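Report on the following structure.
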Amino acid sequence: MTRRILVLPGDGIGPEITAQATRVLEACQTLGLDAEIEQGLVGGSAYDAHGVPLPDETLDKARSADAILLGAVGGPKWDRIEDLSKRPEKGLLGLRKELGLFGNLRPAILYPQLAEASTLKPEVVSGLDIMIVRELTGGIYFGQPRGIEERDGQRVGFNTYVYSESEIERIGRVAFEMARKRNGKLCSVDKANVLEVTILWREVMDRLAAEYPDVELSHMYVDNAAMQLVRAPRQFDVVVTGNMFGDILSDAAAMLTGSIGMLPSASLNERGQGMYEPCHGSAPDIAGQNLANPLATILSVAMMLRYSLDEADLAARIEAAVGKVLDDGLRTADIASEGKRRVSTSEMGDAVLAALS
Ligand code: NAI
Ligand code: MG
């Protein structure tokens, strides 16, 4: 059955990096991937064309796609838009919400070829390969009531931390399934010594553990997890946590690898439909200069093939091709080091394509 892939280049370096990733997708078509690829507008570029960051046409295309590849959105050009609902980021948030993309997969992998990029000592970090599973559509970022109001003569700000059992269970299942496919190790991160929400979180994870006897579940408080991530990061394999803790821990884990241009991500819904994007932003400082590293976006294509398109073999081929270009010493500016060959965005794309075929 022909699958539908929607590419949303977005803003800044988005068009440059998604152009290279699209070439990789096209190469996959010649290697047996049965898919149609179309494009759409999102973010600041959509605002410029249609006055809104998420045009109906884009949303319609997104709803009917099996998978979406997004570059990045935002940039100084749109920072002065006063109506917050029209800011570029709202395009991304709108897609997550409309498609129900609750399961955010954030791998943090230290490539052996880039070991020197990490700020941690090689003996602590080499071989790092963590998968953080972050709940993306609930928790304190969305809980009601929320606001800032006057109480007893002073202003009070408040948010509400809520998770229902069913929300915890569905992200838990994503994490247990992931652990089952990897090394059978899952660490659930909470603050069950202080927050009731996470007492429930822990209970639900324990209940699920009975259904996954092949997965070894452990629990850790979030403050300790932050400490352990920096002290001995390789103790983790799959980590599951809520929206806010996941936001913070996944950025910290990602930065242990030192190379923002290398990190992909996925956001999945209950139907297995997913949006795939690099972890970095639109990098306005280098946009339009053919300097950006396209590998995070190309690795996002690999995640798409694995998690939404049931093409794990093609995914592995792309990952191997990326490994090969790193072995060959090719480096974009963000991962440059002495004695290695500096290449542009498009040259990196050329090299991955050559390695693929
Ligand atoms: P950023 O990730 O865009 O850039 C941070 C630094 O990393 C910059 O020096 C940039 O040049 C470099 N960098 C990022 N990606 C790179 C790549 N592929 N290759 C080489 N170097 C790369 O984060 P920043 O500067 O905080 O945000 C810039 C804009 O991006 C803002 O408008 C922000 O709102 C937006 N943003 C969008 C995201 C998204 O669409 N998912 C996520 C994060 C930021
Ligand atoms: Mg973040």
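Placement of Cβ uses the backbone N, Cα and C atoms for every residue, glycine included.
Under the DSSP three-state reduction, Arg96 (substrate binding site) is assigned to helix. What TrEMBL lists as substrate binding site is Arg96, Arg106, Arg134, Asp223.
According to DSSP, Asp247 (Mg(2+) binding site) is assigned to a helical segment. In sequence order, Arg134 are the residues of the chain that are 6 or more apart from Asp247 (Mg(2+) binding site) and have a CB within less than 8 Å of its CB. Among the features that TrEMBL reports, Mg(2+) binding site is placed at Asp223, Asp247, Asp251.
The NAD(+) binding site annotation in TrEMBL covers Gly281, Ser282, Ala283, Pro284, Asp285, Ile286, Ala287, Gly288, Gln289, Asn290, Leu291, Ala292, Asn293. All protein chains shown were included, and the count of other CB atoms within 10 Å of the CB of Asn293 (NAD(+) binding site) stands at 27. Secondary structure at Asn293 (NAD(+) binding site), taken from DSSP and collapsed to helix, strand or coil, is coil.
The domain 'Isopropylmalate dehydrogenase-like' annotation in TrEMBL covers 4-352.
In sequence order, Asn243, Met244 make up the list of same-chain residues 6 or more apart from Tyr141 (site 'Important for catalysis') whose Cβ falls under 8 Å from its Cβ. Taken from TrEMBL, the feature site 'Important for catalysis' covers Tyr141 (among others).
Residues or ranges marked as site 'Important for catalysis' in TrEMBL: Lys191 (among others). Lys191 (site 'Important for catalysis') falls outside any helix or strand according to DSSP and counts as coil. Other Cβ atoms within 10 Å of the Cβ of Lys191 (site 'Important for catalysis') number 20 in total over all chains.
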Those binding-site residues, out of Asp251, Gly281, Asp285, Leu291, Asn293, that come within 10 angstroms of Asp223 (substrate binding site) at the Cα: none
Other CB atoms within 10 A, centred on Leu291 (NAD(+) binding site): 18
Cα-to-Cα gap, Lys191 (site 'Important for catalysis') vs Arg106 (substrate binding site), nearest whole Å: 21
Nonlocal neighbours by CB distance (under 8 Å) for Gly281 (NAD(+) binding site), same chain, sequence gap 6 or more: Gly12, Ala72, Gly74
Where the record names Arg96, Arg106, Arg134, Asp223 as binding substrate, the maximum Cα to Cα distance in Å: 28
Which of Asp251, Asp285, the listed binding-site residues, has fewest other Cβ atoms within 10 Å: Asp285
